[in-house]
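Here's the structure we're looking at; comments come further down.
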Amino acid sequence: MTWQQKIDDALTARRRADAWRQRYAVTQGAGRWLQADGRQYLNFSSNDYLGLSHHPQIVCAWQQGAERFGVGSGGSGHVSGYSVAHQALEEELAQWLGYSRALLFISGFAANQAVIAALMGKEDRIVADRLSHASLLEAASLSPAVLRRFTHNDSQHLERLLTAPCPGQQLVVTEGVFSMDGDSAPLADIHAVAEQQGAWLLVDDAHGIGVCGEEGRGSCSRQQVKPELLVVTFGKGFGVSGAAILCSDNVADYLLQFARHLIYSTSMPPAQAQALRAALAVIRSREGDERREKLTMLIRRFRAGMNTPDLTLAHSDSAIQPLIVGDNHKALQLAQALRQQGCWVTAIRPPTVPTGTARLRITLTQAHEAQDIDSLLEVLHGTGQ
Ligand SMILES: *Cc1c(COP(=O)(O)O)cnc(C)c1O
């Protein structure tokens with residue numbers, strides 16, 4: 001087989017399975033509206049849950065940060081790229097979430113890769129929820145550690161897997177709010193089981209942080225659980241991008257020595273760290289509460305409107321409201337029909353989700369108004385879904 005054939009075969013298989021992935025160059029993609037092809041659509045596919053991507057104070061903090069620090073950090077944090085802005089953000093995050101330390105990463109994907117690569121050796125075992133995000137499962141399968149998956153949100157299955165003998169250390173991995181399903185992990189049960197077996201718990205709260213819990217502290221705070229490792233990302237509720245790992249002093253010291261994504265990669269621009277500090281201040285404030293309350297109201301309105309015999313929504317009280325369709329082709333057609341009627345929704349297909357569970361991943365944001373939800377409901381009911 002030639003290179004050409006290898007590539008062509010893979011592309012053909014993707015197309016045949018209706019699994020072809022495509023990007024659209026949008027003029028604007030976060031917030032209430034999505035603008036593309038000279039048209040404006042109601043945006044039900046961004047992760048900007050709190051509508052912070054266009055918040056004036058946060059935009060201004062980034063601009064002022066760029067004037068003060070320049071647009072780039074100048075290097076890895078281990079060389080010259082760790083600024084007072086990064087330091088202040090790390091301290092604020094640690095204090096907010098009740099950890100000794102926070103370490104910043106360029107993205108959630110990098111944070112997950114880094115922590116699993118740095119901590120897990122071949123004697124060790126990772127026990128992950130089956131539906132964990134690709135960044136976690138990929139890191140786990142690239143790692144020399146043994147990977148076992150437990151049935152989604154099933155702490156009894158987790159316990160059975162953990163009790164099998166393991167020569168090294170065990171790490172339990174799950175998400176706070178699941179990215180493609182919108183449901184929450186039973187973190188208290190999972191942590192108790194892990195603790196009993198001497199395993200550590202890593203919770204990736206990409207979709208909970210900022211959006212739920214007191215002062216937006218996320219899923220763990222809401223369920224009163226403190227995992228040994230907490231990954232938070234800033235591309236969703238924070239409306240920016242980047243990530244942090246919250247941990248103890250000695251784990252932070254260890255990651256600074258051994259996490260290659262920190263050592264061999266340029267740190268985030270200090271101006272971005274300043275924008276994140278401004279986003280954190282909004283999230284913790286009264287305004288943050290109001291934004292969360294409005295989002296909750298919109299979620300309730302949507303679910304109430306979907307509550308008809310012909311429409312079944314997955315169980316989710318988060319901003320992620322998947323409508324499981326099953327078949328890839330049908331999911332694509334439905335997304336297309338919605339788009340024609342002014343609602344931008346993404347069809348999510350395998351391998352992002354299990355085979356036979358293609359879905360419309362509808363996401364709501366605080367930037368929506370009640371009438372936007374009603375428009376979406378009307379369009380959905382009109383399609384016979
Ligand atoms: C989005 C997401 C990530 C990746 O975060 P980025 O900052 O976008 O790289 C990691 N984990 C989960 C659960 C996510 O949803």
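Heads up, residue numbers simply count up from 1 along the chain you see.
Placed from the backbone N, Cα and C atoms, the Cβ positions cover glycine too.
All TrEMBL annotations are machine predictions without curation.
Site annotation (TrEMBL, ligand pyridoxal 5'-phosphate) includes Gly108, Phe109, Ser179, His207; from Thr151, Thr233, the additional listed residue is Thr233. The substrate site in TrEMBL is built from Arg21, His133 plus one of Thr296, Thr352, Thr355, namely Thr352. Within 8 Å of the centroid of the Cβ atoms of Gly108, Phe109, Ser179, His207, Thr233, where the record puts pyridoxal 5'-phosphate, the same chain has further Cβ atoms from His133, Ser135, Asp204, Ala206, Val231, Gly235, Lys236, Ala243. For ligand 1, the binding-site residues lying close by, meaning a CB under 6 A from one of its atoms, are Phe109, Ser179; the full candidate list was Arg21, Phe109, Ser179. In three-state terms derived from DSSP, Gly108 (pyridoxal 5'-phosphate binding site) belongs to a helical segment.
Over the domain 'Aminotransferase class I/classII large' (40-380), the average per-residue pLDDT in this prediction is 96.
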